[in-house]
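J.: When I checked Swiss-Prot for this same protein, it listed these features:
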MOD_RES   14  N6-succinyllysine
MOD_RES   14  N6-acetyllysine
DOMAIN    25-143  domain 'Rhodanese 1'
CARBOHYD  35  O-linked glycosylation site
MOD_RES   38  phosphoserine
MOD_RES   136  N6-acetyllysine
MOD_RES   136  N6-succinyllysine
REGION    144-159  region 'Hinge'
MOD_RES   163  N6-acetyllysine
DOMAIN    173-288  domain 'Rhodanese 2'
MOD_RES   175  N6-acetyllysine
MOD_RES   175  N6-succinyllysine
BINDING   187, 250  substrate binding site
MOD_RES   224  N6-acetyllysine
MOD_RES   224  N6-succinyllysine
MOD_RES   236  N6-acetyllysine
MOD_RES   237  N6-succinyllysine
ACT_SITE  248  active site, cysteine persulfide intermediate
């Protein structure tokens, strides 16, 4: 059963429940809870300890990142990522299923899906509908901690799926890539503040289009169909046959653009990891666009 879905970006709650019932969890199939919430709201690790998908390990994105960077969620090194996921029992032969508990149905899970892909691991899927629908459908949960046997994971960075500040700056001149921002429209325009952060005005990179990631999800928290997703890209005049860079505030919801494009048959969307957090502090003022009070971000 597992081998039929190794390269699928999404797996259903029904499929995962059947896999757990059939005893498929182990070195060949691992489940990760990648929940993260803004400070002062929900506590991701505490909620995981109280209830999670049976056999799931907690993927702490605060630990699996570049903690030396001044920006929020920058990728860790190859060695850091390899050691971290290896400690969760994941090898290069493991099919990884990622979910989170966000009320939208999915928030941080696509970021972890992309992290695995950018480090060379293709057998990774997002649980469609997330923990929200796992609970709604009455699938089993447990508070029992997962203790997988450590595994060896070799990480190889795929630079084609990652863009740096310098590359995005160069792209303003070359225009080789389309640039799409996944934040809510008000933050993109600069008319609404960036939440939970001081010293970061809202706005966007000059020349970027706006595709709020929430539009990729149904009201019930599932990914929309490939046909619906293609229509969203077409409506924003984003050509899926051409190179594409996704950006947001810190490289998280940009991964929803990468996932949506993947579901439309485009697996090569690159994510600007530093995104607006880095751009705001590094880029020339004329490359930052805002309709806020100052007119510039």
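Here the Cβ of each residue, glycine as well, is placed from N, Cα and C on the backbone.
Buried or exposed, and what's around them? Tell me for each listed feature.
T.: Proximity of residue 14 (N6-succinyllysine) to non-local residues of its own chain (separation of 6 or more, Cβ distance below 8 Å) is seen for 137, given in sequence order. Look at residue 14 (N6-succinyllysine): DSSP puts it in a helix.
Helix, strand and coil residue tallies for the domain 'Rhodanese 1' (25-143), in that order: 34 helix, 19 strand, 66 coil [DSSP].
Taking a C-beta cut-off of under 8 Å and a sequence gap of six or more, residue 35 (O-linked glycosylation site) has these contacts in its own chain: 42, 44, 47, 48, 100, 101, 102, 108, 131.
Within 10 Å of the C-beta atom of residue 38 (phosphoserine) sit 9 other C-beta atoms, taking all shown protein chains into account.
Around residue 136 (N6-acetyllysine), taking its Cβ as the centre, 14 other Cβ atoms fall within 10 Å, counting all chains.
DSSP labels the residues of the region 'Hinge' (144-159) in these numbers: 1 helix, 0 strand, 15 coil.
Its Cβ taken as reference, residue 163 (N6-acetyllysine) is surrounded by 24 other Cβ atoms within 10 Å in the chains shown.
Secondary structure by DSSP for the domain 'Rhodanese 2' (173-288): 42 helix, 18 strand, 56 coil.
Other C-beta atoms found within 10 angstroms of the C-beta of residue 175 (N6-acetyllysine) number 9, with every protein chain shown included.
Around residue 187 (substrate binding site), the same-chain residues at least 6 positions away in sequence with a Cβ under 8 Å from its Cβ are 193, 194, 202, 249.
For residue 224 (N6-acetyllysine), the same-chain residues 6+ apart in sequence whose C-beta sits under 8 angstroms from its C-beta are 216, 217, 218, 232, 260.
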J.: At 10 angstroms around each C-beta, which of the recorded positions 237, 250 has the fewest other C-beta atoms nearby?
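T.: Across 237, 250, these recorded positions, the one with fewest Cβ atoms within 10 Å is 237.
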J.: For the region 'Hinge' (144-159), find every same-chain residue at least 6 residues outside the stretch whose CB is under 8 Å from a CB in it, and list them.
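T.: The answer is 27, 30, 49, 54-58, 78-79, 81-82, 85-92, 94, 117-121.
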J.: Hey, how far is residue 237 (N6-succinyllysine) from residue 250 (substrate binding site), Cα to Cα, in Å?
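T.: Here the two Cα atoms lie 24 Å apart.
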J.: Tell me which of the modified residues 38, 163, 175, 236 ends up closest to residue 248 (active site, cysteine persulfide intermediate) in space, Cα to Cα.
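T.: Of the modified residues 38, 163, 175, 236, 163 has its Cα closest to that of residue 248 (active site, cysteine persulfide intermediate).
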